[in-house]
Amino acid sequence: MMRFTQFLVFILSLSLGLVGLSPAQAANQAPQKRPRIGLVLGGGGAAGIAHVGVLKVLEEQGVPIDVIAGTSMGAIVGSLYAAGYKADELEKVVSSLDWPSLFEDQQPRDMQSFQLKRDNAGFFNTAEVGIKDHALKLPDGLVSGQKLMFELRRLLERVAQIDDFDRLPIPFRAVATDIETGEQVVLRKGNLATAVRASMSIPGFFSPIVIDDRLLVDGFVSNNVPVDVARQMGADILIVVSLPYYFEKRDQLNSAVAVTVQAMQFLTAKNSLPQLKGLNPPNIVIEPDLQDIGSLSFGRVQETIPIGEKAARAQLGAIKRLAAYAPPSSPTQAQQQVDVKPGAQGMQEGRVAKVILENNSRLQDSVVLQRLGIQAGDALDVAKLQRGLDNVHSLGYFDIVDYNLVPSGKNAYDLHIIARQRSTGDQRLRFGFTLDDNFEGDASYQVGVRHVLKGATRLGTEWRNSLVVGDRFHAETQVLHPLNDRQGAFLDARAWHDRQDFYTYLGKDRSAEVRLGETGVEANWRLDVGTASELSIGGIYRNLTPDTKTGKLSFPGESLQIAGLEFAYSTDTLNDADFPNHGQWLQAEYTRGVKVLGADVEFNRVKIAGGKVWTEGKHRLAVRGQVGSTLRDDAFITEQLSLGGYNSLSGLSPNQLRGNHAALGRGSYMYELVNYPGVAKIYAGGSLELGNTWEKSEDVGWGNLLLSGSLFVGMDSPIGPAFMGIGQTEGYEPSLFMHVGRSF
C-alpha cells in the first residue's frame, strides 16, 4: 500500500513538473498570470494610417495584443488587425486602396451607362435636393458611403459570420456616437463592417448608420481615443496611439474650411485629452509627428506609415518590456488563429446558391436584378459583385446597395442584396450655372434648374423638366421611358421653347444682333451599345422665329419650319467629363429636313467630332477634331456651323465664324499644379488650334485655315470646370477669356 501511495505522489509531481519539491515550494514557483495588453487607436482621417506603422513595430517585437478599441480610422485599422491581417498585409491594403474614390458614390465615369453620362451633363451632380411630402429635403450626408461600405465588407468578409466581436482573433470594439443624444456608443456585436462604417460616419459628409434603432455618426464626436473602452475590455496595460492636435493661429484661420477643421480639433481634443491623463508607465502613449499630414492627405499613404513606425521606435525600450510578456516563439493571437489566403482579399471562394433581393423602392425587382448581373450558379467574383452593386446604385433610386453572404451548403452562399430607397424621395432638383466672358463686353451667364420624377412607372420611367434663365431662356419637358427591364433601350420624347441672342459678323466687325426664338418637339429611340456607346434614331420639328435687334439681316419669312429625321451615334470612354486623364469620344450626327414632314426647305447637315486623352504623371495631352457640312452653300443661318470662343479658336468671340462648312483641329497640354483630393485640382496649360468656316464648298482647303493658340489656368472643382486665360487667332487681336461651369 505504501508503494502505491508513493507512486501516486510521484505521478502527481510529474504532472506539475515539480518532482522533488514540496507542495509549498511548488505553489511559490507556479507561473504568474501575465497582464492583458490593450491597443487603443484614435481617429484622424488619413493621418490615422500612421497606425499601420505602429503595428509593424509591435508585431516585429512580438508584443501580444489581447484587445483592441478604435475610433474612425482607428476602427478601420483596428478591425482589420483584429480580423487577422498581419501588419505587412495591412500596409499593402492601405497602400493599394484608391482612397479618394471610396469617398464618392458614383461609379467611375468610364464605367457608367451612357444614359447616366448624359444625365450628369450640364447640371451639378453634387448639388441635388430631394422633394418629399411636398417639401424640400436635403440628404443627410454628401456621400452615402456606397463604395466605402463595399470595401469594408470585402476586406472583412473572412469574419462576416462572427457577430460577437469577442470571438474575433483579437477581441475588438468600435466607437460611434448617437447623433440624437451625443452619447458614446460602443459596438461589440453585429456585423463588423457595419460597425466600422458607423464609427467613421463623419457628420455631414457620410450618411449616418442605423444600428439597433440608433442613428450613429463618427466616434470622434464623443470619444476619439477610447482608452476607457479598452479598460472595460479588461486591459491592464495600454498601448495608445493618439494623433496629436495642431491648432492654427488667427492669421491661418482664413477660410471656412480652416475654421471648421479648427472647431473639430477642439471638439476631439476636449474628449480625448482627459482620456490620456494618468497613462503612466508601463502604459505607452505614441503620438506620431504628423503636422504636415492632414486628415485628407490620402495621397500620402507612403509617407504616413513610416511616421507611425518612427514614433513607435522612439519608445522601443518600453515596447520591448511589453514584448517580454509574450510566450517564447509564439505568434501574435491574430496570426495564430487566422490563416490569411494570399490574394484572396477577404472574399470567400465558392458559388452563388441563390440571389435574395430586398428592394423597398418603386422599381420592380427584375430591373434591379438585371442591373446586378449575378445569377444563381455564378462563381463568387469580387470585381463582378462590386460592378453589379454600383450598376444598381447608379439607377438613382437607392441611398445604398449593400450585400451579405450567407452560407448555403458546401462552397455555396446565398447572396442577399439590400437596396435601400433614397430617403430624399423620388423627386429631385439639380442646379447649374455657366459663365463666359472675354472682358470686352461679351459676358454671358445662365442659371439652370432641373426637376426629375423617377419611377413614374415600375419599369423606371422618368419625367424631367428644365428651366434655364439669363442670357438664354430655355424651358423643356421630357419623358424617358425604358422599353425593357434591362433599360438598354429607351423612348425619349421632349418638347421645348428656347430664346437666345447672338451676333453675326462681317469680317472682324459685328453686322447684326439677332434674337432667335425656337419651339420644338422631338421623339427618339435610343439604344445603349454597351456602357460606352449609344445609337439614336428619331424625328424632330422646330418652329424658328428670328428677330433682328440691331443691324440688318434678311430672313425668308417671319418664321421658319424645320422638320425631319435625325440619326446619331456616340461613344464616350472618358473618365471625367471636364478634366479627363484617359479615354476617347466620338459623336456623329446626320439631320435630314423633309418637306413632307412639314419642313419649309429640304436640307442635310452632317457633323462628326472626336478626341482622345493621354496622361503621364502630372502631364496631360488631349487632341480633338471636328468637321461639319450642310452639304449645300446656301443654308439658313440657324442651320449653319459656327466656331469661336473658349475651346474653339480661342481669342475669337463665341460663334464669331459661321458658314456652311467647318473644320477644327485642337491639341492641348495641361500640367497639374495642385491637387486637393475631393476638393479641387488646379492646372496650367496651353493649346494650339487650326480651323475655319466657309460659305462655299469650293473655298474649303488647307490654305485658308486659321491658326489659334491659348495659355490658361484651369480648375476642377465640385461645381464644375473653370478656365481663365488669353488666346489669339491669326489675323485677330489677342483676347482674354473666362469660362466657368458646364454648358447647358
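A Cβ is built for glycine as well, from the same backbone N, Cα and C atoms used for every other residue.
A TrEMBL annotation is a machine prediction, not a hand-curated record.
Taken straight from TrEMBL:
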- Ser72: active site, nucleophile (ACT_SITE)
- Asp218: active site, proton acceptor (ACT_SITE)
- 43-48: motif 'GXGXXG' (MOTIF)
- 70-74: motif 'GXSXG' (MOTIF)
- 1-26: signal peptide (SIGNAL)
Inset, instruction - State the mean pLDDT for the motif 'GXSXG' (70-74). - result: 95
Inset, instruction - Count the Cβ atoms, other than its own, that fall within 10 Å of the Cβ of Asp218 (active site, proton acceptor), considering every protein chain shown. - result: 29
Inset, instruction - Specify the secondary structure state of Asp218 (active site, proton acceptor) as given by DSSP, simplified to three classes. - result: strand
Legend entry - DSSP-derived helix, strand and coil totals, residue by residue, for the motif 'GXSXG' (70-74): 2 helix, 2 strand, 1 coil
